[in-house]
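Participant: So that we are looking at the same thing, I have put the structure below in structure tokens.
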Amino acid sequence: MGDAGSERSKAPSLPPRCPCGFWGSSKTMNLCSKCFADFQKKQPDDDSTPSTSNSQSDLFSEETTSDNNNTSVTTPTLSPSQQSLPTELNVTSPSTEECGPCTDTAHVSLITPTKRSCGADSQSENEASPVKRPRLVENPERPEESGRSKQKSRRRCFQCQTKLELVQQELGSCRCGYVFCMLHRLPEQHDCTFDHMGRGREEAIMKMVKLDRKVGRSCQRIGEGCS
């Protein structure tokens with residue numbers, strides 16, 4: 001009676017676990033019902049049942065062999081894919097090598113027109129540049145070079161020989177090199193040999209406002225420049 005009471009006082013222990021993961025039983029050699037049935041089918045009727053330790057070791061060995069077989073089966077499946085990769089690379093590599101010179105020729109063909117266009121632009125600019133540049137006017141003829149005689153005294157008018165003051169000498173000096181009085185200082189009054197109209201055109205061209213090439217391409221709001 002004392003032994004029975006001590007056994008009842010003990011906590012219930014967990015059943016043994018089968019190698020497959022399910023709960024086993026001591027009656028079925030610590031195996032689940034399915035594993036125990038498979039084990040009985042494999043064992044012949046005449047042979048005696050082995051011990052529990054041997055059965056467990058056999059099950060573990062079978063599981064390890066099955067795992068090894070699975071790994072051996074899966075490994076060959078990867079090898080063909082790995083072997084196919086170099087073949088694909090070998091197939092694609094000639095295409096890239098063949099396309100290499102094609103791309104070089106394409107680059108050359110694309111670059112050559114740009115060089116020609118730059119040359120054409122430079123020629124057009126050189127042709128247009130003389131039009132924009134002002135014409136050079138020859139130096140005015142000196143009194144010595146022209147058929148007219150040299151003025152002896154700058155204190156008197158070259159046309160009427162009237163005496164001139166200092167202010168009249170400064171105001172009456174002409175670009176042809178002679179000094180005239182107030183009555184003959186205009187070019188029409190003393191038959192001036194200097195090309196005043198050509199000089200005026202030249203000065204107008206020099207003072208002309210040159211338009212910037214960027215005009216019309218940039219956007220600017222009205223009133224931004226004033227702020």
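Keep in mind that glycine also has a Cβ here, set from the backbone N, Cα and C atoms.
For reference, Swiss-Prot lists these features for the protein:
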type     : residues                       : note
ZN_FING  : 12-44                          : zinc finger
BINDING  : Cys18, Cys20, Cys32, Cys35     : Zn(2+) 1 binding site
REGION   : 41-99                          : region 'Disordered'
COMPBIAS : 49-59                          : compositional bias 'Low complexity'
COMPBIAS : 66-77                          : compositional bias 'Low complexity'
COMPBIAS : 78-96                          : compositional bias 'Polar residues'
COMPBIAS : 113-127                        : compositional bias 'Polar residues'
REGION   : 113-151                        : region 'Disordered'
COMPBIAS : 135-148                        : compositional bias 'Basic and acidic residues'
ZN_FING  : 151-200                        : zinc finger
BINDING  : Cys157, Cys160, Cys181, His184 : Zn(2+) 2 binding site
BINDING  : Cys174, Cys176, His190, Cys192 : Zn(2+) 3 binding site
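So that I understand the layout, could you describe where these features sit and how close they are to other parts?
Facilitator: Cys32 (Zn(2+) 1 binding site) carries neither a helix nor a strand DSSP state and counts as coil. Within the same chain, residues at least six positions away from Cys32 (Zn(2+) 1 binding site) with a Cβ under 8 Å of its Cβ are Cys18, Cys20, Phe22, Trp23, Gly24, Ser25.
Mapped onto three states, the DSSP output places Cys157 (Zn(2+) 2 binding site) in coil.
DSSP assigns Cys174 (Zn(2+) 3 binding site) to coil, not to a helix or a strand.
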Participant: Hey, for the Zn(2+) 2 site built from Cys157, Cys160, Cys181, His184, who else sits with CB inside 8 A of the CB center?
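Facilitator: Near the Zn(2+) 2 site, the remaining chain residues are Phe158, Gln159, Gln161, Thr162, Gly172, Phe180, Met182, Leu183, Arg185, His190.
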Participant: Counting all other Cβ atoms within 10 Å across every protein chain shown, which of the binding-site residues Cys176, Cys192 scores highest?
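Facilitator: By the 10 Å Cβ neighbour count, Cys176 comes out on top.
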Participant: What is the interatomic distance between the Cα atoms of Cys157 (Zn(2+) 2 binding site) and Cys174 (Zn(2+) 3 binding site), given in whole Å?
Facilitator: 11
Participant: Are there any residues in the same chain, six or more apart in sequence, whose C-beta is under 8 angstroms from the C-beta of His184 (Zn(2+) 2 binding site), and if so which?
Facilitator: Cys157, Phe158, Gln159, Cys160, Gly172, His190
